[in-house]
Amino acid sequence: MYQAKKMLLLGSGELGKEVVIEAQRLGVVTVAVDSYEHAPAMQAAHKSYVIDMLDKAQVREVIEKEKPDLIVPEVEAIATDELLKLEEEGFHVIPNARAAKLTMDREGIRRLAAETLHLPTAGYEFANTYEEFKEAAETIGFPCVVKPLMSSSGKGQSVCRSASGLKSCWDMAMEGGRVKNGRVIVEEFIPFESEITLLTVRAANGTSFCAPIGHEQKDGDYIESWQPHHMTEQQIKEAKHIAKSITDELGGYGLFGVELFLTEDKVYFSEVSPRPHDTGLVTLVTQNLSEFALHVRAVLGFPIPEITQLSPGASRPLKAPKELADYAVEGLEKALAVKSTQVRVFGKPVTKVGRRMAVALSAAETVEEARERAAEALSHLSIT
């Protein structure tokens, strides 16, 4: 009988769904775990479990029961201390349990980047209470960026422009974090020209990079991404240096989403996630190997050949305007009539305000044209 490897995903969103599909293409048995039923990756996986992923006993129970060859965290909010123990007992966490723990919140990774590796970052302060937060904002100065230490898809992030906005920014951070009433980071506001994601792959045959992905954020969540993003040779050199430094320090195999700010004369490190990145959905139409295929190859220990850009492309996510228990994605016929365009509907069981429900992906001969096509496709889509 075929001796398949088994991969267990902790977190089963739309990015996890693509990872599951790529893993199955290489004969891997997949187990999808999340905190709610019918999550996107569960719809494609061989098996699924619903647990509280911040509960170490539940995480341990499902891992000991399934005995996976690979544990693949797909979100930040996991009982990472338990992953450290499981790793010591012989389980294989991707890329490793330390990286999962460091990137679980913004403090560990920011201190590592700025204080250990001395990479260029925005100035920052941390705060546990509203009083500390006010002091931190005064120290950093206005405008400043406020983020919960642990959140996903930009939830709870805001830009505070004056002292009068402090209370609302604090409340937003408290509400948006994965851990309610948690710690926050207050960052210097960098007047950047653009934000990019440099997808960085650590594999058996070394480190490789995808072409830079430009993206636009609104309320801390991405509303558009495109590839390639134009950068000078010097900017690309600096970006690769930062990405290699941070991913080498984290170690292990897999794809990392390294977020960077570009100013006229400098590249700043912002964040890193040791897994496929939402802005990287665009690679489904731009590259010979998508970010998901690259991640799966790397974590299985396979080499990564040359990553080829097949075409410029762009992505636009469809977000839910309100909460619905029953919903439909309308306008697919018109959206799919747009040239060189695909739509991926994620199949989430219910909508929430601002929740990503689908994505329009367009290719074209130029980035500008791809962005126009993706915008047109998105304009036809709605949730009812």
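Even glycines carry a Cβ here, placed using N, Cα and C.
Predicted, not measured: the structure shown is a model, and the values here were computed from it.
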Site-mate of Glu14, Leu15, Glu74, Lys348, Arg355, Arg356 for N(1)-(5-phospho-beta-D-ribosyl)glycinamide in Swiss-Prot, selected among Asp171, Asp248, Asp265, Asp278: Asp278
Around the C-beta of Glu187 (ATP binding site), how many further C-beta atoms are within 10 angstroms, looking at every protein chain? 22
Lys348 (N(1)-(5-phospho-beta-D-ribosyl)glycinamide binding site) to Gly154 (ATP binding site), Cα to Cα, whole Å, comes out at 19
Over the domain 'ATP-grasp' (111-300), work out the mean pLDDT and round it to an integer. 94
From the Cα of Arg106 (ATP binding site) across to the Cα of Arg356 (N(1)-(5-phospho-beta-D-ribosyl)glycinamide binding site), what is the distance in angstrom? 22
